[in-house]
Amino acid sequence: MDHSTSLLRLIFLALGAALVLLVLRSAFHLPRGIDTPTTSLFDAAAAAGSSCTRFAPWGCRKGDRTKPKPKPPSHETDVPRHPLDPLTVSEINRAREILRAHPPFASSPSSLFVHSLALDEPEKAVVLGWRRGVDPLPPRRAVAVVRFRGEAFVLAVDLAGGAVTPLPVPASGYPTMTMDEQVSLCFAPFADPAFNATIRRRGVRLSDVACLPISLGWYGPTEENRRLIKVQCFSAEGTANFYMRPIEGLTVLVDMDTAEVIHISDRGAGIPIPAAANTDYRYARHMQEEGDPASNGFQKVRAPSMEPAPSGPGVELVDGHTVRWGGWELHLKADARAGMVVSRARVQDPRTGAHREVLYKGMASELFVPYMDPSEAWYFKTYMDAGEYGFGLQAMPLVPLNDCPRHARYLDGVFVAADGRPYVRENMICVFERYAGDVAWRHSESPITGMDIRESRPKVTLVARMVASVANYDYIMDWEFQMDGLIRIKVLSLSLSLSLSLSLSPVRAKTCQVFYAHASAGACTSSVAFGPVSKKLGRLIC
């Protein structure tokens, strides 16, 4: 009797625990991961087969909820197969070992900071003479830009033999900021009590403050031989678009090597922070707050086509970096500074079948953004987006269906952290066929000839795309290859509005928006000027 009573109690206890778990599961919903499929917003009844993420809810289908998330590639076993292939993970690790063992770095390897580590490309004649499958690869070397105990070094590293050769160091200037530095500079002001007191006097909670490192520059002999940078802050209370809520007039001068706050300039105590209402750009946030995004002036999203090209992707990716399509053959790779580098672009001559050299090397050499505002908190904003921040370092993974069509092929980037270790930036470049309904060529015969002829050719092109997100700017760079041998370079600059708050009187304030929306460069165009901003884009080596 006692045993049966104990068994019944155990059964009821287990049933009660299961009921509690069911209640908890239905009451609490943990947020989904970035790549967790979601229910379709537009086509809940569509058939399974598309991939979707939190970033592209309009591309979701029911079947996506059962798809396992693919394991990201590690690239640890990659080997170079072309003279211009970027450094592999194993080659980066090899270069790191060589550098840390090289004097004087061997005395204190932890004091060595790697700002750049890239392939030392062979001479042009060597690359042009190399034949795939016939010739061995030229010797692999790397070029490193490092800093050790405050001094900069430029070094050539022989990956096979281990030799390190010093190269000339520029007489002035400093290397590109590392991602580690950029992250640490966002938090450096909070270690200073005077900064925290200034924020509190402005009536802003420290937990709502977001700070960003602004362009370095050089502003007088007091900054000589010191890596100094100005940091400005925003209030992120109530919105993800903190750029619209600047803490105007507050500028913090920080020593990049010591993270010490050198000086705080606060000339905007009377300038109010713009309201957060209607500034958030996230589609899901508007759906959550308004129900219908269009009710708040938010543009409805048109779901892109879910169908791949009828004959497949149409793009052949050979050995990870060589692209073949429509008679074109070119080499693509990611670069920490330039973002995307196009090399050895050749097109097939339809008469002879031979490939004709069109472009040896093309890339974005710099993006210069001078705001040209003489006020205390703005005069120093003269960004070198590629040289200071790294166009490739700021490249984010591309979002399928939004950034690239369904049938696109993707290339990853392998970059180097400040300690010399490699890391992978997934889906940094996409390659796809584009057809926008345009006509490449056509001719129809007039009825008076008696010839029933209507000939038309659709304009189908190959596009290689990357996107760099540098603070509130998103730069979309397209290299478009046409069937007639023409290369078009297109640059689209999209940004969040950046507010400049002005105190016009003790009781009235006005917010002026500085918004640069679009820049487009045609084939082989190297510079574009619009508004008060001039940007130089591109280097073409033919």
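Cβ atoms here come from the backbone N, Cα and C positions, even for glycine.
Look at TrEMBL and you will find 59-85 (among others) tagged as region 'Disordered'.
Taken from TrEMBL, the feature domain 'Copper amine oxidase N2-terminal' applies to 82-164. A mean pLDDT of 96 is what the model gives for the domain 'Copper amine oxidase N2-terminal' (82-164).
Per TrEMBL, domain 'Copper amine oxidase N3-terminal' is recorded for 175-274.
The region 'Disordered' feature in TrEMBL is assigned to 292-314 (among others).
Positions annotated as active site, proton acceptor by TrEMBL: D385. Of all the Cβ atoms in the protein chains shown, 22 others lie within 10 Å of the Cβ of D385 (active site, proton acceptor).
If you look up TrEMBL, you'll see Y473 marked as 2',4',5'-topaquinone.
The 10 Å shell around the Cβ of Y473 (2',4',5'-topaquinone) contains 18 further Cβ atoms across the protein chains shown. Under the heading active site, schiff-base intermediate with substrate, TrEMBL lists Y473.
In this structure, the CA atom of Y473 (2',4',5'-topaquinone) is 10 Å away from the CA atom of D385 (active site, proton acceptor). The DSSP breakdown of the domain 'Copper amine oxidase N2-terminal' (82-164) into helical (H, G, I), extended (E, B) and coil residues amounts to 25 helix, 25 strand, 33 coil.
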